[in-house]
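Here Swiss-Prot flags His63, His65, His141, Asp212 as Zn(2+) 1 binding site, drawing on sequence analysis. According to Swiss-Prot, the feature Zn(2+) 2 binding site maps to Asp67, His68, Asp212, His270. Annotation comment: Swiss-Prot describes Asp67 as active site, proton acceptor.
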Amino acid sequence: MEFVFLGTGAGVPSKGRNVSAIALQLLEERGQTWLFDCGEATQHQILHTSVRPRRIEKIFITHLHGDHIFGLPGLLGSRSFQGGTTKLTVYGPKGIKQFIEVALLVSTTHVKYPLEIVEITEEGIVFEDNEFCVETKRLSHGIECFGYRIVEKDIQGALLVDKLLGMGVKPGPVFKRLKDGEVVELENGTVLDGKDFIGPPQKGRVITILGDTRYCEASRELAQDADVLVHEATFAAEDEQQAYDYFHSTSKQAASIALQANAKRLILTHISSRYQGDTYKELLKEARELFSNTEIATDLKSFPVER
């Protein structure tokens, strides 16, 4: 599991930062990539990374402001042009379906893969399978905006191979049957129960990715005990009133959410273009005063998520 930040700016592109898009690489977990927001020129940013459009399985849109969605039509079309054939699902607030369908229709863009568009109308679980569960809550922004909590389900423990070898059990099909939890009778009549030969499960990771938001309780709830919290930090602490007026957060407010939620790690993104050069480091300094394990994302930077 790895984050690749494709765009970390706020509002409009700048020389140093493109607008919002985050790839969550789940190559080991499911051989796919999930994308969170898709601002203008996201597909161009992808060219500089290891992200492959054909592997994008899901796109989660936080809200419908242009700096979070204007890259969608181009990416969807290019994915088809580049040979993508597997199903892609887009999740987002009401209106995302109309935006995509009109853009594809007017531009006569035809996608050759199954495209599903899921409009989120209420809080709760928007996706769940045997590996992951994605929950969403409304945040506090000028238009409807969602945050996403991605929960990796606990992973079955490893087969205790040394224990089996110590009992004289030779590697082979019996190992797989035991790992699958079956009760197996060996040729010598010994009966082995699979559950006795499986180590403790590995706890799944929790990732929280928030859209644009004021400081709010929903952010804390989504981030509770997260391994990684990705939070916007559009403004410095001295501009807290301006952040409130424009429905955004300061770096210190993001750190406060991480602290209250008992998150393990905080990554700041959605940085205003007013913070050019090294001035953005002041945002990092302010956040670390409250929450030491804070990092600030820059375009094309990757962050692995360890177990």
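Heads up, the Cβ atoms here are built off N, Cα and C, so glycines get one too.
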Nonlocal residues around His63 (Zn(2+) 1 binding site), in sequence order (Cβ under 8 Å, 6 or more apart): Gly92, Pro93, His141, Ile143, Glu144, Cys145, Phe146, Gly211, Asp212
Cα distance (Å, whole number) from His270 (Zn(2+) 2 binding site) to His65 (Zn(2+) 1 binding site): 13
Least Cβ-crowded entry, counting other Cβ within 10 Å, from the binding-site residues listed as Asp67, Asp212: Asp67
Asp212 (Zn(2+) 1 binding site) in three-state DSSP notation: coil
Candidates His65, His68, His141, His270: member of the binding-site residues with the richest Cβ shell (10 Å): His270
Cβ-centroid neighbourhood (8 Å) of the Zn(2+) 2 site, Asp67, His68, Asp212, His270 excluded: Ala10, Gly11, Val19, Ser20, Asp37, Gly39, Thr62, His63, His65, Gly211, Glu232
In three-state DSSP terms, the structure that His68 (Zn(2+) 2 binding site) belongs to: helix
Listed in sequence order, residues not in His63, His65, His141, Asp212 with Cβ within 8 Å of the centre of the Zn(2+) 1 site Cβ atoms: Thr62, Leu64, His68, Leu139, Gly142, Ile143, Cys145, Gly211, Thr213, Phe247
